[in-house]
Every structure is written in C-alpha cells, then in structure tokens.
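Read through the structure below, which is laid out as structure tokens, and then see the notes.
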Amino acid sequence: MSADKFNEILKMFQQQMAMQDIPDREKAKKWEEYLFWKTQPVPKFDEDIDSEGPIEHKKLEDVRPTPYNLPAEYEWSDVDIENPEHIQEVYDLLYDNYVEDDDATFRFKYSASFLDWALKPPGWQKTWYPCVRVAATGKMVAFISAIPTSIQLRDNDLIKAVEINFLCVHKKLRSKRLAPVLIKEITRRVNQKDIWQALYTAGVVLPSPVSTCRYYHRPLNWTKLYEIGFSAIPPNQTAASMVARYTLPKEVPLKVRAMTKADVKAVHAILQNYLSAASEMSQHFSEEEVAHWFVDPISEDKNDDKIVYSYVVEEDGKVIDFFSFYKLDHTVLKEWATESNLRAAYGFYYATSSLSSAKARQDRVKELIGSAVILANNLGFEVYNELTLLDNPSHLDDLKFGCGDGYLNYYLFNYRAQPVHGGLDKQKQLEQLDGKGVGVIML
C-alpha cells in the first residue's frame, strides 16, 4: 500500500472516530438552565456583539468586603503556595478529583514542581489561592486559583486580567454547589486588586465561548499508547505498521540549543512580534514572565522535577526562533492497563522571525515543531499534544498528529468579544486560515 493511500485511510479513520463525539459536545443547555452563569457578566449564546469591551463597570467601593457564605460545615482557608504541606494538599485533591477524560481512562497528574511553576508567575498574590475545608477536620475539599495576566485582543486596549485555573471540588461534594461560591469568591478577591476581567477554559459548554480549540496527539511510543487504550489500530493496519509510521529519527534537523536566561530579552522580542502576527487573542508577556514560563531552574533534561523545555535557534549569533513544551504526566486509571503513568509533552509557546508572509511563518513553525517532537521523543516522552491554536493547524497532518476527542473552550469573564478562530471549521474539523486565531495557552 502506498504512503498516500495509508495516510488517506488513517485520516478517514481518525475523522470517523472524532465525529462520533461531536454531537454530544455541541449540546448546550438553554440560557435559563444556567442557574449560576445567567447571573454573571458573560455573553449569552449567539448574542449580537456590536462592540467589544467590558460588560459591567464597577469600582473598588462596589466590592463585597467579606467572603461569601459557605454551608455551616465548611470554612474558607488560604493556601500558602510556598508551604510544601499546602502544595501537597492541593496535589492530593487534584490527583483524586480533577479532570478526567470522558471514559475515565486518564487523569492529569499535576506534580508539586508543576504547581509551583504554574501558580507563582510574576505578580502572584497570596490571597488568590482560596480553598474550602471541612470545619471539623480541616480536610481540603475544594480549591481555585488565579494568576495575573495581560490579554491582547485584536486592536483593543490591553486587558488587565487573571487566568482562572484548577477549579476542583471533591467528587462526593459536587451536589453542594461549592463551585459557584468558589468562582464568586475568587472574583471578589481579584476585584479587590482592581482587576475586573478573567480568562478561563473548560471542556464543557458554558455561556459563551469566545473560541473553541481541539486537542491533537502525536504518538511517540505507539506501542505504549496502544497498550493503555490511548491509541487504536485503524482498519486494515497492524501494530507493526503503526509503529513504523510513527518512528522518528534521533537527529534534530535544526541546530537548536536549550534556552537560558541570557536569551530572555531576544525571545521576548520575537515572541511578541510573532503573537501579533499570528493571533487575534494572545497573552502579552513581560520579560519577567518570559523568564518564569520558559527558563526552568532545573537544567538537567532527565530530572523528574523538570517541567518546561525551551529551545532557541541562532543565526550569526542572533536568536531567530524559539519553541517550548512542558511535561504533564497522566495517571492511567483502567485496572487492566499494564502501565499506570503516561509521560506526556504539551506544546507550549513558540515564535519565529520568519514573518514575511503567512506561508513563510507556517513553514518555519512546522520545522520548529518537527524538531520539538524529536526532542520530546529523545527525552522519553510517549505522546506530544497540541491544540488547534496559533499556526498549529498548518502542520498537524504533516507531522502525523491525530485528532483527539477533547475540545477546549475559551471564555472571557466580564468582557464581550467577537469570536476568535480556534483552528476548526463549523463541523469542528481542522481548518487553517492565513489570518489569526487563538494565541493563549493555559496550563
């Protein structure tokens, strides 16, 4: 069978598998059924948006001075993210109760070092990590976090905002409606710092997504992925043919090196220029944020505590390209699985100086991500994941990524905005535009 025919069959199989999931994900409740969200400053579904900007305009004196009430058996507590014991409590809560895939096969495994990196960017605030504890025992049963960010949405003024993440409620307490109280409380605490907008993501449909992206996966260790139920064998194929398809060279085609602190200024410049060229909604980085997010203090690649891997390409002593990915392992939940851990790399930010045209930009990005995939494989990662944002749609097929069954909806709180392209067409299939899309990557 020719390579072209094989690719055609595989692509059809992937699309058929993916399309089975789309109808359920498309279902959104009626506006009236969103008992909490209909009380919040968020757009309704299909709302006509004539102009972009804040929905509500409030002042500091409007902010409630005291925490929101909890059921009598629970109490508020602040997580000290510099206290290893508190971080361990957050880890335990997330490990047992946080995001799983629909089939309850995999769960994110946020390590203590990952949480330390994710929750302490420049400008982090001690009061932005509230949790709920059982009053009688002190057991942590719910958590939410906020970190500062700045969002550039098209040509609008820079949006001073926060990213909301790690909203988690103990499984046995989901009927207590603690999540809405957590959201209101973190909103109150953020408002106290004169910040009125937020960015958050969710796999579920809420009022009202500004964009929707889809997960794509590039197998690195296909045999392992097959054995744990992550990958399947398409019709008329064998395990041997799949292993052969996804085999990678050891040598990286580009001359790359690990990013260091000395590269921060150069990376900051090319990253901001690239995001302006390739996205309609992006994070606006400071040099301090570039240093935090992309320069891991652990330099040894094989160290289990290392989280982010960043690389640069130089030409005549000048940094011209940059790419990164981060480690987020998954726990395998199925009892029949022979392995309990999936070592996953997630594509993070990248940038190139090749901005003369959309095609030049996308061709160079394909080379960068092709190198990232090889490096991740050499480091022992078993799958490389990307979303359909930035210029990713232009290389996903060529680099042998397969569409997953996971979607990620992006939301803006207290901000009305026109939709931002998420790399998908109306049927939720891959669509590359020469224009701009989502340029924000949340952990």
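One-based numbering along the chain as shown.
Using N, Cα and C of the backbone, Cβ positions are placed for all residues, glycine too.
Taken from Swiss-Prot, the feature active site, proton acceptor applies to L443. Summarising the annotation, Swiss-Prot assigns tetradecanoyl-CoA binding site to Y34, L35, F36, W37, L167, C168, V169, S175, K176, R177, L178, A179 and lists similarity to another entry as the type of evidence.
Sequence features, as recorded in Swiss-Prot, placed on the structure.
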| residue | record | Cβ neighbours (10 Å) |
| --- | --- | --- |
| Y34 | tetradecanoyl-CoA binding site | 19 |
| F36 | tetradecanoyl-CoA binding site | 13 |
| L167 | tetradecanoyl-CoA binding site | 18 |
| V169 | tetradecanoyl-CoA binding site | 22 |
| K176 | tetradecanoyl-CoA binding site | 17 |
| L178 | tetradecanoyl-CoA binding site | 21 |
| L443 | active site, proton acceptor | 20 |
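In this structure the residues listed as binding tetradecanoyl-CoA are Y34, L35, F36, W37, L167, C168, V169, S175, K176, R177, L178, A179; their two most distant Cα atoms lie 19 Å apart. Distance between Cα atoms for V169 (tetradecanoyl-CoA binding site) and L443 (active site, proton acceptor): 18 Å, as a whole number.
Considering only the binding-site residues Y34, L167, K176, L443 (active site, proton acceptor) has L167 as its nearest partner by CA-CA distance.
DSSP classifies K176 (tetradecanoyl-CoA binding site) as helix under the three-state reduction.
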